[in-house]
């Protein structure tokens, strides 16, 4: 019997090792798997490379992980916000490495990994500092820069509901990077508000099929993470 549901955060996260590359879903705090991140902090893993759209907000979620010093590098498109002071302090002190990737390129590079593609050409970033040292190509009169896929050891994502086969449905904007990140990791761990019985999820509403998910863990979101 296929049963990908995990009883505890520790059970779901136990495979994560030091030095892992981890995709973390979310657009700011919307769709951020805060409880999975808290569980990762408790495990005490270190030398992590994190791939996410942002670099954390306040002292919550991803910022909380950064504050522990467990992250050696972050790959993101929007590292600085009014409340990104944790990342800002670490970066200015030389305690974290940053790779900035334009948001569209970030999504495309993750998608490329999930689809099993090799490097992709994109016009975004050509002629800027972000393209330095990368191969370029002129195609049909337009210049492109070559970008590598972003493949990860693990993906931590947040969905609305899931079943024991790993099928997931999302809620509104919380969906964001979740579906493509689930495809681009060797192991995908999804936190959900509820694990429902097989057949309860309308197949037409399933966005991420279970083939891309290895663990589903139900969590009760804290007030700070209760929003989509």
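Just so you know, glycine gets a Cβ as well, placed from its N, Cα and C.
Taken from Swiss-Prot as is:
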| type | residues | note |
| --- | --- | --- |
| BINDING | 25, 26, 27, 28, 29, 30, 31 | CoA binding site |
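Here the features listed in Swiss-Prot are painted onto the structure.
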residue	record	Cβ contacts under 8 Å, 6 or more apart
25	CoA binding site	31, 32, 33, 52, 155, 156, 157, 158, 176, 177, 178, 181
26	CoA binding site	32, 33, 52, 53, 54, 61, 62, 158, 176, 177
27	CoA binding site	53, 54, 173, 176, 177
28	CoA binding site	53, 54, 57, 81
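Neighbours of the CoA site: apart from 25, 26, 27, 28, 29, 30, 31, residues of the same chain with C-beta atoms within 8 angstroms of the site's C-beta centroid are 32, 53, 54, 158, 173, 174, 176, 177. Cβ neighbours within 10 Å of residue 29 (CoA binding site), excluding its own Cβ and spanning all shown chains: 20. Just so you know, the Cβ of residue 31 (CoA binding site) picks up 27 other Cβ atoms within 10 Å once every protein chain is counted.
Residue density at residue 30 (CoA binding site): 18 other Cβ atoms are found within 10 A of its Cβ, drawing on all protein chains shown.
Residue 26 (CoA binding site) falls within neither a helix nor a strand when secondary structure is assigned with DSSP, and so counts as coil.
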